[in-house]
Structures are given as structure tokens and as C-alpha cells.
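Okay, structure first, notes after.
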């Protein structure tokens, strides 16, 4: 039977004695907070590398892809499969539009807004709204320029709608497809290249076009200088979203290839804006043939108008 001394609480020996018996032992004090050491990889990273990895979302990319795969488990020929691409609410769409109009330096658009739930609802309706805005604004601009001229007869140019739709939707789908294929190809060459999904790239391009909707409305102003100032301002905002999104993904590639990739992205984006402005708003005025007025003495009088 145990005595009273055996049941008495025995204090532990000093830490020094324990360490002497087992030098490899680790002591933890309950009075001090336990600190979790960082792994060796994080200590060897260059300054700013952790921030870039966080922006790219490399730590959560596997989990996100897994969740996305579970979310889109329906067969692609069913309506439920495509319904997931439009499963967003108004607050999410507005938040993503704000992020594209007011880009924050050092923040990745995909990481902050898209990766949790990429959608096609916003890009589809932004492109559709931009198509009709450019077409209608282009017709109004042509009307206001020729307003007051007696020889001018206004005729709506409905073909501008189809031209704008073909241009904008081709840009919003074909350019992301080419960029996605390029990133996948470079990913097979360089280990550190991060490839966004095709849906994420479409989201970035779709939401980056929103700034051109109010810009196209202001292009009605019949002042060429004002129009070019607006297009440069819009290019700076939307182009910065693209640069801050895709530069962290290609910066570990060859320096020339990375710079050329970003430069190509900006060049195509600028060509879209400048092309729309030049074709729909700054098109050269055509001479309108003047009517032939027969004179009373049998001769004809031809009036020239510009």
C-alpha cells in the first residue's frame, strides 16, 4: 500500500539535470509563448518573394482547384455545368468592378477578387454593355458633328453594333485563350511560372474593360483632345490591372520573355481602345454629294458640299 510520501506531488528536477542526462531534449516553459519556427524555405527566400507568392496564391492554388473541381462536377453538356459560371451575387460583381476601376498597387486582382469564385456573368454583360455603348455613342457623335449642316441627313449605322460586338468579344475571348496557352507552355519550360486558369484570365480581361463604358459615353464630346486624354486615362487604369495581375506570374521566366509578354498584353489592350476611338468616333468625314439643281435656262447647277 502506498504511503503518504508516495502520494505526495514530486517536483521535477531542474532543467539542467534533465539536459545533462539527455542533451537532445527540448524544454518548453508554460509561462512563455511557444513560437513556431519558420521553415527553411521561407528563410532562404529573397526579400519580397513571400509577398509575390501570396499575391499569386500559390499556397492555396491546389485547394482552390480542388474545390473548383468539386463545384463543377456536372458534365459539360448539362445546364448545371455552365450555371456555376454565373453563380455570383450583385455585391461580388460590384466589388470586382471597383477593383478593376481602382487598382491597388501591389495587389493581385485574381488573388483578391477572382480566385474564390471565377465567373462569366460580369465579363459577359460588361462586354455586351460596352458594345452597345460604343455603337450608340459613335452614332450620336456623328450626329452632333454634322448637326446644323443643311446637306446632312442622319441615318443610323446599325452595322456598328455588329462590328463592335465582333471586335470586343473576339478580344475578350481570343486574347485570354492565347495568353492561357502561352502560360501553360512556359510552365512546362520554367518551374516557377504560375499558370492561371482560362476562366480566371477571361475574368480579368472582362472586368478590365468596364472603365471603357463611361469613357465611351464621354467620347461623344466633339473635342479630339478631350477624347485622347480620356483614352490615355482609361488605358492607365485598365492596363495597370493587367500588369499587376500577369507580371508576378511571368517575372521568374527569362527577363526578355517576361518583359515582351507584358508589353504584348499592353499593346493589344491599347490597340483595342485606340481602334475603337479611331473607327467609331474619329473617322474621317466623307464628302456628301450635293444634289443637281436644274436651272430654268436648260443648264444644270452643281453645288459642292463637304
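Cβ atoms here come from the backbone N, Cα and C positions, even for glycine.
Segment annotation: TrEMBL labels transmembrane segment over residues 257-281 (candidates 82-106, 257-281). The largest share of C-beta pairs under 8 angstroms with the transmembrane segment (257-281) comes from 161-185, of the ranges 120-141, 161-185, 197-222.
With a cut-off of 8 Å between Cβ atoms, the residues of this chain six or more beyond the transmembrane segment (120-141) that come close are 85-86, 88, 93, 96-97, 156-157, 160-161, 164-165, 168-169, 172, 199, 202-203, 205-207, 209-210, 212-213, 216-217, 219-220, 222, 276, 280-281. Listed by sequence, the residues of this chain that lie at least six past the ends of the transmembrane segment (197-222) yet keep a Cβ under 8 A from its Cβ atoms are 65, 68, 85, 96-97, 99-101, 109-110, 113-115, 118-120, 122-124, 126-127, 129-130, 133-134, 137, 140-141, 144-145, 168, 171-173, 175-177, 179-180, 230-231, 233-234, 237-238, 241-242, 245-246, 269, 273, 276-277, 280-281.
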